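K.L.:
What Swiss-Prot lists as ATP binding site is 102, 104, 105, 125, 137, 138, 195, 202, 287, and the listing cites sequence analysis. Positions annotated as active site, proton acceptor by Swiss-Prot, on the basis of sequence analysis: 277. Look at Swiss-Prot and you will find 278, 287 tagged as Mg(2+) binding site.
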């Protein structure tokens with residue numbers, strides 16, 4: 001069966017393969033991958049699919065939900081042209097070198113090439129044991145799979161660079177998991193997500209070969225990556241790939257990584273586990289594990305229970321961690337570039353690009369035509385302080401800020417506390433925290449904000465135009481942690497309608513969508529400390 005898909009499996013063609021054909025956990029040397037087939041499951045059941053992703057890879061959406069496609073995306077069958085494999089890579093986890101990691105439960109089916117000659121790798125997450133599974137079982141549960149499926153698509157529609165998700169399928173089998181590693185394992189429903197990306201190559205793919213001083217395989221991987229994903233850096237297709245080209249690739253990775261993290265900060269996304277094996281060479285958000293969304297603005301928040309003490313991967317620290325990870329990648333490339341200076345330039349590009357993109361992003365969130373450091377550094381700093389004085393929902397605050405009438409230079413509106421609070425009260429979690437001191441700080445900031453907006457040379461003449469500009473970058477709908485948990489709870493009981501409804505709402509996160517307002521509500525009190533809503537683990 002072909003589904004009218006054409007496969008061109010460049011990775012398995014270009015990289016050396018593991019010479020051991022048997023599938024058992026082991027150290028794999030001098031190989032970019034191991035060939036391994038998905039483990040068949042007993043009773044696959046279609047839960048949800050993305051029509052946009054199907055069209056992206058050239059798959060007729062009519063196949064979504066069909067028995068034939070369900071069998072393939074559950075790992076029970078292979079379409080013609082597929083060449084399944086698991087990647088070998090390493091990584092730094094929480095700042096420490098972890099050695100070989102690899103695709104422990106992800107199996108790549110192959111690379112689809114579309115009519116416009118774009119390549120898309122299809123990958124099943126939770127498809128069974130591989131040589132890289134270590135002590136795990138290679139499986140995934142419904143809980144984590146619903147979260148990955150929904151967030152992959154939500155992030156894309158938010159405008160955040162990300163891998164995509166084609167499908168979510170139940171396996172019909174139970175999987176034993178200890179959700180919080182507290183000695184109380186339970187059986188959960190098994191599931192598989194089909195992830196889609198131009199490439200799933202990570203920083204850790206390069207690190208593993210550098211750590212083993214396997215320069216030959218490292219060079220092969222770099223050449224494959226540049227010819228496949230960075231061919232625009234070559235003067236001609238078969239041009240030699242030397243240190244200059246490798247340094248140019250690294251510089252581009254630094255730039256796209258900066259852009260990705262700025263988008264995370266814009267929408268309040270916290271990845272939760274920014275290890276180098278979870279960093280895409282293409283600057284895509286990858287591996288949706290214990291991620292979370294800032295609800296009340298807390299720059300020190302991390303959703304990952306494993307990181308609860310050190311908070312290495314907290315929201316505000318993500319830009320610095322991305323830079324740390326890029327340095328780790330640079331160290332892996334030094335054996336090929338021969339010197340550090342060209343790679344140090346890439347790190348400088350990251351710092352510069354992040355700062356520039358951050359300023360542009362904050363200007364957009366506030367409806368300004370451009371960022372002026374002389375005035376806006378203080379305006380933004382005081383805003384971020386204000387958001388912490390009272391527990392304030394970040395998403396709702398920016399959205400409702402756009403609704404406050406400021407007037408024009410000729411006729412500025414006189415800001416009144418009651419009117420401002422009427423707009424912003426929806427964003428406050430605890431009414432008692434809206435003290436007189438807070439109200440004074442709020443009004444001081446609002447007047448500074450109004451003055452800055454009305455002095456903006458590029459400012460639209462009408463409040464409605466400012467509102468339109470702000471609402472284009474400040475989403476109304478994000479995948480709030482409690483919404484994902486409600487979808488999981490329903491799906492666990494056999495009702496997948498909320499997954500489909502959420503997917504539909506999250507396709508238009510910047511639109512008002514009358515009738516869907518319940519999906520824009522701030523976190524309810526019952527979800528404040530509930531597992532899955534406030535904190536998550538790496539158990540999946």
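Glycine residues also receive a Cβ, built from the backbone N, Cα and C atoms like all the rest.
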K.L.:
Given the recorded positions 137, 277, 287, which one has the fewest other C-beta atoms within 10 angstroms of its C-beta?
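P.N.:
137, out of the recorded positions 137, 277, 287, has the fewest neighbouring Cβ atoms within 10 Å.
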K.L.:
Let me make sure I understand the span of the ATP site: among 102, 104, 105, 125, 137, 138, 195, 202, 287, what is the greatest distance between any two Cα atoms, in Å?
P.N.:
22
K.L.:
What does the structure give for the C-alpha distance between residue 137 (ATP binding site) and the residue listed as 'active site, proton acceptor'? Integer Å is fine.
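P.N.:
Computed Cα spacing between residue 137 (ATP binding site) and the residue listed as 'active site, proton acceptor' is 19 Å.
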K.L.:
If you count, for each of the binding-site residues 105, 195, the other Cβ atoms lying within 10 Å of its Cβ, which residue has the minimum?
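P.N.:
Fewest other Cβ atoms within 10 Å, among the binding-site residues 105, 195, is found for 105.
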K.L.:
Just give me the nearest neighbour of residue 278 (Mg(2+) binding site) among the binding-site residues 102, 105, 195, Cα to Cα.
P.N.:
102
K.L.:
Could you tell me the C-alpha distance between residue 287 (ATP binding site) and residue 277 (active site, proton acceptor) in angstrom, no decimals?
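P.N.:
The Cα atom of residue 287 (ATP binding site) is 9 Å away from the Cα atom of residue 277 (active site, proton acceptor).
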K.L.:
Hey, which of the binding-site residues 102, 278 is the loneliest by Cβ count within 10 Å?
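P.N.:
Across 102, 278, these binding-site residues, the one with fewest Cβ atoms within 10 Å is 278.
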K.L.:
If you measure C-alpha to C-alpha, which of 102, 105, 195 (binding-site residues) come within 10 angstroms of the residue listed as 'active site, proton acceptor'?
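P.N.:
Within 10 Å of the residue listed as 'active site, proton acceptor': 102.
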